[in-house]
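**Student:** Here it is, the structure in full.
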Amino acid sequence: MAKTKTTFFCQNCGAQFAKWQGQCTSCKEWNTIAEEVIQKAEKTSWKTNETSVHTERGRSARPTLISEISSEKETRLNTKNEELNRVLGGGLVPGSLTLLGGEPGIGKSTLMLQVALQLPYKTLYVSGEESAQQIKMRAARIHPEANTCYILTETKTQNIFRNIAEMQPDIVVIDSIQTLHTDYIESSAGSISQIRECTTELIKFAKETATPVILIGHITKDGNIAGPKILEHMVDTVLQFEGDRNHIYRILRANKNRFGSTNELGIYEMQGSGLREVSNPSEILISKNEEELSGTAIASTLEGMRPLMIEIQALVSTAVYGTPQRSATGYNAKRLNMILAVLEKRAGFKLGAKDVFLNVTGGITVDDPAIDLAVVAAVLSSNIDIAIDKRMCFAAEIGLAGEVRPVTRVDQRILEAEKLGFESIIISKYCKLPKASYGINIIKLAKVNDVVQHLFG
Ligand SMILES: [Zn+2]
């Protein structure tokens, strides 16, 4: 019997150590280093037999003159899921490895099963989490007439590859990477060395056969993919599925994308029959209250290439317990403090002794500076308890001098507001508009004081 070989891994960042130590020198976390048994066999190929399988889509390993490489647009596999296609940058790239992360229970498996059932390609859905019967029950709810999706309940990579070699799927989905284990490593499933080795095998498989592989990965409480950070470095694309579990909306975004932008956003609504794609998110993000309430303002923002109307809610009240509270959900708290300081200094509002709560509705987080002006409007509206006209929206950044600054692609923001039936939009005086006229009233203002004057007289 071979001698057992062990090594030490930080369970947080995946750094490797020769012996145990209390603190990881790489990520500075305490008590995260654990011993793992690694017994590497000679062969680490994903293949179960030595004869190599060359598919016509497989990549050649010969050097090619750059002038001879075809410049055709890389073919992508349409997932039939518009939101997912958008976030991926136009579909799945052959041979790519995509990691879908998210908290447990958020609906990652539902999303991937739904995608797998709708795919017009031969798809292998490997589950180490649920039995085939459980998956069947869920599939019957989501998409009963699917017939290109194969289910395999297996956790050992060698067995998975044996099945893949037999059925030759076009797309492979693994639910989840934390349940996989390979024969070449002896530590338990979900450990750093197992995750790393299984992912390496899957990468080799994906690249050699040009088959796209989607991995589902669970996320720890502090927002990291459970297991090593290196997993994120190994794959081509990291998608994040998020949203408050109490909200019915889910956001899909790319944290890393080798084949597209990371700005795009996909929105889904959780329903009994699965996840519905929300193609016009603005409608759901704005509350349908008939009566006008103080403290709300609508911002015209952009998430990636897509315009999005979102509602900002503010509550300003006299601080009861000495130190005023400032809290922001979905908006940067430091930026809120800056805006409050600007309002105090430049517009003469005494907000220093007030509690200020700010909320972006729909459970989404926005870092587009164009929502600043809507934040100002919501805060002031709540402070003096006068509602803002519901048919008005905002798109401008606020500077430290209290100036209303222009924002990018203002034209697109105006058109979205127009499309949704808003009557007026407030933008910066210094915005250059490509069109002479719009079907919406455009109000151009230069200073925060002008905004106050315009809104509240
Ligand atoms: Zn570490």
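Positions of Cβ are set from backbone N, Cα and C atoms, glycine also.
Quick caveat, the model's predicted, so the values are computed rather than measured.
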**Student:** Of the ranges 256-260, 271-275, 321-325, which one does TrEMBL list as motif 'RadA KNRFG motif'?
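**Tutor:** That would be 256-260, the stretch labelled motif 'RadA KNRFG motif' in TrEMBL.
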**Student:** Give the mean pLDDT for the motif 'RadA KNRFG motif' (256-260) on the 0 to 100 scale.
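**Tutor:** Averaged over the motif 'RadA KNRFG motif' (256-260), the predicted model reaches a pLDDT of 90.
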**Student:** Would you list, in sequence order, the residues of this chain other than GLY102, GLU103, PRO104, GLY105, ILE106, GLY107, LYS108, SER109 that have their CB within 8 A of the centroid of the site's CB atoms, where the site is the one recorded for ATP?
**Tutor:** HIS218, PHE241
**Student:** What are the DSSP helix/strand/coil residue counts across the domain 'RecA family profile 1' (73-219)?
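**Tutor:** DSSP composition of the domain 'RecA family profile 1' (73-219): 61 helix, 32 strand, 54 coil.
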**Student:** Just to verify: the residue among GLY102, GLY105, GLY107 with the fewest other Cβ atoms within 10 Å, which of the binding-site residues is it?
**Tutor:** GLY105
**Student:** For the motif 'RadA KNRFG motif' (256-260), what are the same-chain contacts with Cβ under 8 Å, counting residues 6+ beyond its ends?
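**Tutor:** Distal contacts: 74, 88-90, 93, 96, 232, 235-238.
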**Student:** Taking the Cβ of PRO104 (ATP binding site) as reference, which residues of that chain separated by at least 6 in sequence fall under 8 Å from it?
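**Tutor:** Same-chain residues close to PRO104 (ATP binding site) (Cβ under 8 Å, separated by 6 or more) are HIS218, ILE219.
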**Student:** When you measure from the Cβ of LYS108 (ATP binding site), how many other Cβ atoms are you left with inside 10 Å?
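**Tutor:** The answer is 24 other Cβ atoms.
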